Amino acid sequence: MVYYGTLTLLRCYFQASFPRVTTTGYTEIEARERIESTSAVNLNVQYERFVPLNHNHHLCERVTINVSGSRFETQLRTLCTFPNTLLGDPRRRISYVCLLTVNKKNRYFDPHRNEYFFDRCRIAFEPILYYYQSNGKLRRPMNVPLDIFLEEIRFYQLGSLAIDKFKAEEGFAPRSKEAPLPKGDFQRKLWLLFEHPESSQGARVVAIISVIVIIVSIVIFCLETLPQFKHYKIFKIGNYTKVWEDDSPAMTEPFFIIESFCIIWFCLELLIRLCTCPSKAKFLKVILSSVTILSWKNIMNTIDVLSIIPFFMTLATALNEEPDQPMDIYSLHTEKTSSGTSLVILRVIRLVRVFRIFKLSRHSKGLQILGMTLKSSMRELALLMFFLLIGVILFSSAVYYAEAGHEKSNFKSIPDAFWWAVVTMTTVGYGDIVPLGFWGKMVGSLCAIAGVLTLALPVPVIVSNFNFFYNREMRSEDLETPINVRHVKSCPFLPSMINHSSLETSLASLSSENCSLIDCRLDNSVNKGNCDHIFKQNDLKLIQPKKNVS
């Protein structure tokens, strides 16, 4: 008793010493004096009346959300920021929360506690609630794994836009637009069979056959350059014999026959893609631009064309070649001079066959990642080449003048020293050209150290880009499929006071505005402890939309 009496005296003391300030800006004593003075003048006015503004007070109602024991409070106005989500749509709250529909699996509202209960990850709910409060900002907590947080986003139905935005902020590949497909069923099947290896088991078989054919063509391209497989032209004019290497293929050679079968497969692939593609005009435009090498928009179709052209040009050269005839020394010299240019062109054309190895990138995700890494690292690679060029010019000039007074100097000019500078800066060191004097060796040492530093600077950026694309591609497929987690379901039945049949028959005709009205009445009635008033048949009839009478 003494204790409570002391507290009462202290409270009276503080109230007397520090008068409270009212909402009008006056202290409590000043407000009373003003009211008394006003009432003395006008007896009808005894207090200041608060006039409310025209405002939707329903949206100011507070909602309690219980997530695995952690309670969160927010306003209905906050949840209505995104009306197409689980918490923001009044109709979904009705169908998921307080009414028994056909799907009797998830009941989230507890009328006795007047709160929504979710048996989900409590840590992941904080950024989801902040998503409503911040009008669309979604940040993943560091202690929540990506797949679990993505599953929570799907559960609360934040939408595909929020998922794509979240993946983009996490560094994952954006969702690619759906490629158009051919209209006919047969054309669609052929297109998927040759263009999308992951579409079916048959498409995987076609992809494996294509990879085998590409590997065989590359192996033949390498083996036919061995000395035991080469063939030569021998010219005999009297006592003079001339041997030329013949680059034209013989029609009866096994290598030419196998190469022909490979080209038949490549042409078949290209023709099927052309006949079954959704836009033939666009496909032909890409092929024509690939022939002139003016457009690289579709690099894969460009590689397909470049892998076929050398065979037909080589075949045309072999068919137009005249048979070997005896000739004199002057004719032999003229033939050698005239065929020199065409031989170089033929070898360059045959060299283009090596581009077939890039056809593997259509079936290899690793090569695609490498290509994206190089594409994103072009700025760093250009910077590396620029630094390397500066170093080559600087150290080649320095070593030339440092070795100028030496009798056995290997550096005849500054351009001759470029090769030495490049080999030294890249830490290869062939040893074909070396400085011999003291000052030349000093320049060589500085060149090697500068090369190590120049090469080491952009390498971490390139490695970081590779790791970024590798993790993005490897984990994007896993994030597309929901994780198989069996969450504990809430009780599918509400209290027995709800009339099941009346609720099920009344749901079909409710609009979003009427559902909002039910939700508002639900909150108000639960606060008053009267839930029966909401679910009566008469009340449901009152909130049903009126039918149009024709």
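Glycine too: its Cβ is placed from the backbone N, Cα and C atoms.
Keep in mind that TrEMBL annotations are predicted by a computer and have not been checked by a curator.
Here is what TrEMBL records for this protein:
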type: DOMAIN; residues: 61-173; note: domain 'BTB'
type: TRANSMEM; residues: 205-226; note: transmembrane segment
type: TRANSMEM; residues: 255-277; note: transmembrane segment
type: TRANSMEM; residues: 381-402; note: transmembrane segment
type: TRANSMEM; residues: 417-439; note: transmembrane segment
type: TRANSMEM; residues: 446-470; note: transmembrane segment
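The average pLDDT for the domain 'BTB' (61-173) in the predicted structure is 78. The DSSP breakdown of the domain 'BTB' (61-173), given as helix, strand and coil counts, is 46 helix, 18 strand, 49 coil. Within its own chain, the transmembrane segment (381-402) is flanked in space by residues 374, 411, 413-415, 417-418, 420-422, 424-425, 435, 437, 439-440, 442-444, 446-447, 450-451, 454-455, 457-458, 462, which lie at least six positions past its ends and keep a Cβ under 8 Å from the stretch.
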